[in-house]
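Annotated features in TrEMBL:
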type	residues	note
ACT_SITE	Asp95	active site, proton acceptor
BINDING	Glu6, Gln7, Gly8, Asn9, Ser10, Ser11, Ala12, Lys13, Thr119	ATP binding site
BINDING	Tyr86, Gly93, Lys94, Asp95, Arg96, Thr171	substrate binding site
BINDING	Asp116	K(+) binding site
Amino acid sequence: MNLIIEQGNSSAKVAIFANGQLKSSFVFKHFDVSVVRSLFEEFDLDQGIYSTVVDVDPEIASFLKGKLRFFLLLDENVKLPVKVSYKTPQTLGKDRLAAVVGANYLQPGMDLLVIDAGTAITYEVIEASGTFVGGNISPGMSTRFKALHAFTKKLPLLNEPEDVLFIGNDTESAIQSGVVNGIIFEMDGYIDSLRIKYPSLLVFLTGGHSFYFARKLKNANFADINLVFTGLNRILEYNVEN
């Protein structure tokens with residue numbers, strides 16, 4: 001079985017894959033070597049990848065190296081199943097990279113746009129040749145709500161509504177309509193513009209707000225909350241094979 005670790009700033013996400021299929025997934029607010037040790041007690045793990053946006057925990061890395069038949073620490077030097085045409089690969093977010101690899105694995109030979117809707121919204125383009133050409137980053141939905149509250153004197157802090165008006169009829173609905181519809185127009189605008197160059201473009205949505213926007217967009221093809229896990233597992237398998 002494959003152990004997939006994606007460590008973020010405030011939590012760690014862990015997935016277990018077997019024969020290319022996701023078997024289990026977990027989110028840990030507190031993540032240290034004792035948590036990793038417990039995973040080995042529950043699962044028969046022999047390969048693993050450790051991706052982190054914070055400093056590598058030396059205890060975790062050392063433990064994994066000693067326990068796994070094959071261990072991969074994801075950095076800019078790792079071999080990838082896609083070509084990366086990004087000028088600063090050392091600054092490329094590992095979640096962005098993994099999502100691109102995951103989409104390319106699921107839909108090989110296609111022009112793809114991967115939209116990751118979380119704290120930030122990222123737009124990644126990978127061509128049918130398997131070349132990741134780059135992407136854009138904009139504020140996510142919760143970030144926009146917080147910014148309006150933080151940088152104005154009277155606007156309240158709100159969350160996303162289940163249903164949103166096209167034109168708000170009071171201050172709260174005006175904020176919600178502006179934020180949500182602004183993101184929808186942004187996403188659909190990117191998709192429409194990219195389909196001029198890539199007529200057969202397929203669109204993946206992932207991230208914490210992926211299903212929220214999948215219901216509202218006119219152009220999304222796939223919503224896959226586990227796309228980053230799929231990509232990390234593919235990177236691991238590719239390095240095992242090569």
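Using N, Cα and C of the backbone, Cβ positions are placed for all residues, glycine too.
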Practice prompt. Quick one: pull the CA-CA distance for Lys94 (substrate binding site) versus Gly8 (ATP binding site), whole Å only.
Written response: 10
Worksheet item: Relative to the mean position of the Cβ atoms of Glu6, Gln7, Gly8, Asn9, Ser10, Ser11, Ala12, Lys13, Thr119, the recorded ATP site, which additional same-chain residues have Cβ within 8 Å?
Response: Val53
Worksheet item: Greatest CA-CA distance (Å) over the residues Glu6, Gln7, Gly8, Asn9, Ser10, Ser11, Ala12, Lys13, Thr119 that the record ties to ATP?
Response: 16
Worksheet entry | Tertiary neighbours of Tyr86 (substrate binding site) (same chain, Cβ under 8 Å, six or more apart) | Leu92, Phe132, Gly134
Worksheet item: Same-chain residues six or more away whose CB lies under 8 A from the CB of Asp95 (active site, proton acceptor)?
Response: Glu6, Ser51, Val53, Asp116, Val228
Discussion item. If I take the alpha carbons of Gly8 (ATP binding site) and Gly93 (substrate binding site), what is the distance between them in whole Å?
Written reply: 11
Worksheet item: Gly93 (substrate binding site): which of the binding-site residues Ser10, Ala12, Thr119 is the nearest Cα neighbour?
Response: Thr119
Item to complete: Find, among the binding-site residues listed as Ser10, Thr171, the one whose Cβ has the highest number of other Cβ atoms within 10 Å in the structure shown.
Response: Thr171
Fill in: Local Cβ density at Arg96 (substrate binding site) - other Cβ atoms counted within 10 Å
22
Item to complete: Count the Cβ atoms, other than its own, that fall within 10 Å of the Cβ of Thr119 (ATP binding site), considering every protein chain shown.
Response: 16
Worksheet item: Counting other Cβ atoms within 10 Å of each Cβ, which of the binding-site residues Glu6, Asp116 scores lowest?
Response: Glu6
Worksheet, complete the sentence: Arg96 (substrate binding site) sits from Ser10 (ATP binding site) (Cα to Cα, rounded, in Å) at a distance of 18
Discussion item. Using a Cβ cut-off under 8 Å and a sequence separation of 6 or more, which residues in the same chain sit near Ala12 (ATP binding site)?
Written reply: Ile5, Glu6, Val27, Phe28, Phe31, Val35
Practice prompt. Rounded to whole angstrom, what's the largest C-alpha distance between any two of Tyr86, Gly93, Lys94, Asp95, Arg96, Thr171, listed as binding substrate?
Written response: 42
